[in-house]
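**Q** Pasting in a structure now, in structure tokens, and then I'll have a few things to ask.
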Amino acid sequence: MKKKKKTAQPYPSLIPVRDKVSSHASLSESLSIRHLKLAKKMHQAGYVYALHGLLDGGVAAYGSMKFFFDMLFINQSSSILIHDWIQTPEGISIVMLESMAFAGLSFIANTSDENASSAFKQATAAFWPYCRNTVSELKKTSRAVTNTLKMAAFFKEQNFDHILMPFGFTMGVVSVVNRIWFRRMQNRRQLVKDKLQALEKEVTALAQADWQELNKLHTYYYKIPTQSKTEQKLAYLSAAYTGLLEAVAFHMGILTFVSFTSPAFIPLVTCCMAFAILSIATRIHEEYEHQRELEVSGLIIKLRLKQKELMALTVLAKTQDIDGRRFELLYIDILKYSNGLKAKATTAFGKTLKGARQGLTLYAFINKIMFGATVFLSVVPVALAVSSVVIGVFILLCTIIKAAMKQTNWVESHLNQELNAEKNIPAMINIFIDDLIQAYHPAEKNKSFWRSWFDVAWAFFSGLDKGRKSIGYFLMVSFAERSLHEDYLQSPIMINLSIALGVISSLVFSLRMYALGFGAKQDKESADVKTQPALCLTSYK
């Protein structure tokens, strides 16, 4: 009998592994599609925005009230004072009016936009962000003023409570004016940025009949919008003040938790001072980056115009004699604008400061989690304060090292060499300008996948803190009965109810950010896809 010839069999373990890998890939893809669909549905439904508007209005109402009580009454619990005041007819009337006004404005602003059909909704959507920023700035100022006076009393061994009210209200007014002005300036700058983008597209798309008219090309130079020098200087001053306020409010106040004679005091002072300096420096650098992008966009438009002018002269030189001096002057202008772009390139120092800003943001997020757990403790443990600073130093080192390791732009030196070697060839000049613009063109700032989830997590813990301390006190302090034996705020039912409200608000805040970060983006992409065929038909016609 002939033996059956054995055929080669595939290795049995490979097939299950391949199936397993493909199943994992399909599962992750399916989950990704499902979560994007869920976010899109939440965004389109809008219920989470309405709930967020009501809760955020309550937070703003309580925050503004607490600021005035903190500044007016020294060394007294503002929560107890608010409770006693709400028991009076005048107090409960004012509180009800304020809470309904804030909640109503917030609800309308969160469920409509500035393009709404109703004029009232448009005005509310435009006004509420300023109101919300004002309350947020007052809370930050209150914390900064309190920390400043605590540190002054800590080092001078002197009581500064008598200057709390005038100093607090003065700083509050300055902070509110600064915040409102800065937001208005940002809106004006966004308009300038939009005009620059539109003008760049218009210049790039100029037809041959248009760029052959040199006089018409020269008119585009006068259309380039810019930000005034005075506004730029004031923006730097505003950014520095914001950085100083954040430094005192969030980084220097931790020194009040540590004894002056503690061995960890000197290292903590050094680290906190470094955090404070970085807070100011990174805020100034952020403002520099915004102004740099505007200047780069303006230089790119000028280079595009010079490119069109060079093309026009090249075409004109084929039919008539052109003075070579005109080409030389054109090359000089191109070199000047290219050197201007080179001077505005992102440096290693700038990338380091950007990494430090990311580190400070992550450090603030970790602090929010760590110190949020101590809300019911009468004294913050020293070990927690020390570990918080150690974690902050570690995070800053990681983000700074990561930013410093990024490669700088390599295009500039090669392009300059090509221009110097081939400056008499217009074709090479055109290639040089195209490559230069591609290398230095400001990138579109699209929020990354991880950044979107980070914002969701930030909103979750922020909502937990706000709901527990603000909404919980605001809704329950007025109805709580004071006990003769213990603080009513520390009673089990008050603690449980405030935690429950904190969890509810954290879910609403995080779901709102989830719908805004993923659902709004998905909805916009779907709308763009739907409009593409119409655009194609229009261009075809």
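Each residue, glycine too, has its Cβ placed from N, Cα and C.
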**Q** Of the ranges 98-125, 126-153, 182-209, 462-489, which one does TrEMBL list as coiled coil?
**A** 182-209
**Q** So, taking each listed stretch (47-69, 163-182, 234-258, 264-282, 385-405) in turn and counting its Cβ pairs to the transmembrane segment (493-515) that are under 8 angstroms, which one gives the highest count?
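**A** By the under-8 Å Cβ criterion, the transmembrane segment (493-515) pairs most with 47-69.
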**Q** Give the nonlocal contacts of the coiled coil (182-209) in its own chain as ranges (CB under 8 Å, at least six residues past its ends).
**A** 129-130, 133, 220, 223-227, 231, 234-235, 238-239, 242, 290, 293-294, 297-298, 300-301, 304-305, 308, 315
**Q** Mean pLDDT for the coiled coil (182-209), as a whole number?
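**A** Across the residues of the coiled coil (182-209) the model's pLDDT averages 90 on the 0 to 100 scale.
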**Q** Any residues 6+ beyond the ends of the transmembrane segment (47-69) with a Cβ under 8 Å from its own?
**A** 78, 81-82, 95, 98-99, 101-111, 131-132, 134-136, 138-139, 141-142, 172, 463, 466-467, 470-471, 473-475, 505, 508-509, 511-512, 515
**Q** Where else in the chain does the transmembrane segment (385-405) make close Cβ contacts, counting only residues six or more beyond its ends and a cut-off under 8 Å?
**A** 254, 257-258, 264, 267-268, 271-272, 275, 278, 348, 351-352, 354-356, 358-360, 362-363, 366-367, 370-371
**Q** Are there residues at least 6 beyond the ends of the transmembrane segment (234-258) whose Cβ is under 8 Å from a Cβ of it, and what are they?
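**A** Result: 140-141, 143-144, 146-148, 150-151, 154, 174-175, 178-179, 181-182, 185, 264-265, 268-269, 272-273, 275-277, 279-284, 286-288, 290-291, 364, 367, 380, 382, 385-386, 388-389.
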